[in-house]
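Chemist: Sharing a structure below in structure tokens format, with a few things to ask.
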Amino acid sequence: MARKALKLASWTSVALAASGVYLYSNNYLDPNDFGAVRVGRAVATTAVISYDYLTSLRSVPYGSEEYLQRRSQVHLRSARRLFELCCANRGTFIKVGQHLGALDYLLPEEYTSTLKVLHSQAPQSSMQEVRQVIREDLGKEIHDLFLSFDDTPLGAASLAQVHKAVLHDGRTVAVKVQHPKVQAQSSKDILLMEVLVLAVKQLFPDFEFMWLVDEAKKNLPLELDFLNEGRNAEKVAHMLRHFDFLKVPQIHWELSTKRVLLMEFVEGGQVNDRAYMEKNQIDVNEISCHLGKMYSEMIFVNGFVHCDPHPGNVLVRKRPDTGKAEIVLLDHGLYQVLTEEFRLDYCHLWQSLIWTDMDGLKQYSQRLGAADLYPLFACMLTARSWDSVKQGIGQAPVSATEDSEIRNNAACYLPEISQLLNHVPRQMLLILKTNDLLRSIETTLGTRSSASSFLNMSRCCIRALAEHKKRDAGSFFRRTQISFSEAFSLWQINLHELLLRVRALRLACWVSALLGWLTRAPHRM
């Protein structure tokens, strides 16, 4: 009996050893691939974070200086633990972490500043894995498809990485290859997040982050389908074809699949790289203006919005043929399609914000689900204080003091913010994320909250609302009347913009004259 047991143990050991060698040789022996490891890590991190909040703030008077200080420390510790979890579990976790890191004025700064780093911390697939995906999806080896293929990726993201390659006909292309394990893990990861969010809500009733899970559940399958990304790229290129400053790389459909996307290779600097713009004599204000026009057109006029404009996805360059500044828009996996009702309400809301119509602000905020929290909603949309909203967001640029106040208030109003995010239409969530990403770019460029950006938004709102009215108009006379009203409103905006420029020019001349007088003054004495 003992001999049989020994023999069985020997054969079992051989089988396990052989399995281990096989798994190792095929690069599958990765703890992150085992569901139990990923689940255990996520559960443990959630438990530690929850325990920290429960115990660290228990004995401190709410709202006191000590409470605020301790809460900030807990936020920072928790953000770092969440960051480590995202880096360890990768894939979907990094994607969700990046989303949270983009919500600059909606979440405490400790979280956004910590998680923002995930945009540059995405894992890379090995060349063996890249070859495997290309072989499985395109049915050929890399050397059969490309004259050359750079092993080092141009960039890696949470779901994929991009390599530079040259086709046999000499064309230079960018090859986007999905990480091989993301597809299989994504649905399980989202289910795990859903369970954890529900569990945490039992401990903290004010913790309402199911909206984040719902968004991931809806959007991740679309982002993992690169054919969908290619269709989005072609749609937005056609939709914004009248903007000569926009470049969307062409898709090569013959070598594209759900996990591999081949596109035209376009070089440029990141949109937040001021040094690159200065070196290439690209006007920062012009780029900021173009970016604002492009997104206003997407949101207010077309209702088809690129929702991931972080700096790595928006490049700038000088056009080779004309030398004019050009924006290159990349990564078209995540778009938000706005319903007409939402788009028109959002147009009315921004018109109310721009022209300080407080009754309209309340009415359209409530139509969009803000209820009595409409002042907070206005602050979230504009990233301005309620005092600035009441005075007019175009009247004065945001100050460092106001910006700091808003960021601090995000921590104080976290329960109300999460409640609001659970009640607004789902379409609003990605719009808020997009707003914050664009605002971050403008802050880096030093062009935030310029009057011209609000005027461009207002132009698009007027056009969108007029187009809707003309479609519903029953007669030619009524359509003509609407067209005249639209033209008059646009003329008023143009006149207002002209007056602002004249005022700025006069101020510049006055300052120049004053500086000239000051430099000459010592010689007179």
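Every residue, even glycine, has its Cβ placed from backbone N, Cα and C.
So Swiss-Prot has the following annotated:
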- Asp308: active site, proton acceptor (ACT_SITE)
- Leu154, Gly155, Ala156, Ala157, Ser158, Leu159, Ala160, Gln161, Val162, Lys176: ATP binding site (BINDING)
- 148-477: domain 'Protein kinase' (DOMAIN)
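Could you give the neighbours, burial and distances for every feature on this list?
Modeler: Sequence-distant neighbours of Asp308 (active site, proton acceptor) (same chain, six or more apart, CB under 8 Å from its CB) are Asp331, Gly333, Leu334, Thr434, Leu437, listed in sequence order.
Note: Leu154 (ATP binding site) has non-local neighbours Val162, His163, Lys164, Ala174, i.e. same-chain residues 6+ apart with C-beta under 8 A of its own C-beta.
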Chemist: According to DSSP, does Asp308 (active site, proton acceptor) fall in a helix, a strand, or coil?
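Modeler: SS state of Asp308 (active site, proton acceptor) = coil.
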Chemist: Using a 10 Å radius around its CB, how many other CB atoms surround Val162 (ATP binding site)?
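Modeler: Around the Cβ of Val162 (ATP binding site), 21 other Cβ atoms lie within 10 Å.
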Chemist: Excluding Leu154, Gly155, Ala156, Ala157, Ser158, Leu159, Ala160, Gln161, Val162, Lys176 themselves, which residues in that chain have a Cβ inside 8 Å of the centre of the Cβ atoms defining the ATP site?
Modeler: Ala122, Pro153, Val177
